[in-house]
Amino acid sequence: MGVSSNGVLVIIVMVVALALSTITSVNGGGNFEQDFEVTFGDGRVKKFWRGQLLTLSLDKVSGSGFRSKREYLFGRIDMQLKLVAGNSAGTVTAYYLSSEGKTHDEIDFEFLGNVSGQPYTLHTNVFTKGKGDREQQFHLWFDPTLKFHTYSVAWTPRMIIFLVDNTPIRVFKNHEARGVGFPKTQPMRIYSSLWNADQWATQGGRVKTDWAKAPFTAYYRNFNVNPNHAAATAAFTDSKWQNQELNAWSRRRLRWVQKYFMIYNYCADAQRFPRGVPVECKMM
C-alpha cells in the first residue's frame, strides 16, 4: 500500500515530536549559545531551541566537547544530562570543573559507559594543585539514558558536595588545617566532553567500543550556576548554606547511596595505600 507525500510528512512530524517529547520542559537557567564555547569536535556539538539544548556526539574519527566562557569560584552548579543509550561501552561522558595549568584544580563527574543492560559507572574525583587520586565510584539507582537527571556540585570554602537529583552522593571537606589540599583559590570553568576511552573505561578495557553503533550522543539542558541557588538550601540546615552542614535528611540519603551504590572508595583501598590511607579519610 502506497503512502502519499502528505502522509509521509505527517509521519515525519510525528516521529520528530515523539523524539522531542523526551527532552521537553526546558526551564530557564543558562544558555548554551551565550554561556559556552566549543572546544573540539568539528560539527559534533549541536545546539537547539536557541541554545536551550545541546548535544555532543562521538564517532570513530572524533569526540566532542564544550566549556563555559566564564570562570567560577564557589557556587552551586547544576546540569541536566541524558547519557548515551544502548551499548555505550568504551565511551566516557565527562562533566567537570577545572582551572588551567599543571597545578590546576578540578572537580570531576565522569560517566563510564557499559554494554547494553549493564550499569554506567559514575566516577568522581577532586584535584588540588594538579594532584588527584581521590576517586570514588558509584552505580546509579536509575537508568541515566532514559530521561534527563540533574548532576550538581555545591562548592563552598568549607566543602564540596556532589549531588544527583539533589541527593548528595559524596562530600569532600576542607581539611587544610591538617595539611590536606582543598580547591579554593583558582576559579574554574565548566567543561564537558564525550570521547573514546576503550583502553580503560569499560571493565578495565576488556570491552571495546562498538563503532557499528556510532554516532554516540549525549544530551544537555537546564544549566544553572548560582552562588545562592535556592535548590541548594534544601540540603543544608538553613538558608545560609555556604556555612552549614548537611541536614538530617541529606545525611541519611548520603549514607544510603554510599552503602548501596558505592563500588569504589580510595579511602578503603588498603592495597593502594599500604602505609595508611590519606589523612582526610581518617576524618570522614
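Cβ atoms here come from the backbone N, Cα and C positions, even for glycine.
Keep in mind that TrEMBL annotations are predicted by a computer and have not been checked by a curator.
Lifted from TrEMBL, the feature list:
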- 1-28: signal peptide (SIGNAL)
- 26-220: domain 'GH16' (DOMAIN)
- GLU106: active site, nucleophile (ACT_SITE)
- GLU110: active site, proton donor (ACT_SITE)
- ASN114: N-linked glycosylation site (CARBOHYD)
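The two recorded residues, ASN114 (N-linked glycosylation site) and the residue listed as 'active site, nucleophile', have Cα atoms 25 Å apart. Non-local neighbourhood of the residue listed as 'active site, proton donor': VAL92, THR93, ALA94, TYR95, TYR96, LEU122, HIS123, THR124, ASN125, each in the same chain, at least six residues away, with C-beta under 8 Å from its C-beta.
The 10 Å shell around the Cβ of the residue listed as 'active site, nucleophile' contains 19 further Cβ atoms across the protein chains shown. Cβ-based neighbour count (10 Å, all protein chains) for ASN114 (N-linked glycosylation site) stands at 20. Confidence across the domain 'GH16' (26-220), taken as the mean pLDDT and rounded to a whole number, stands at 95.
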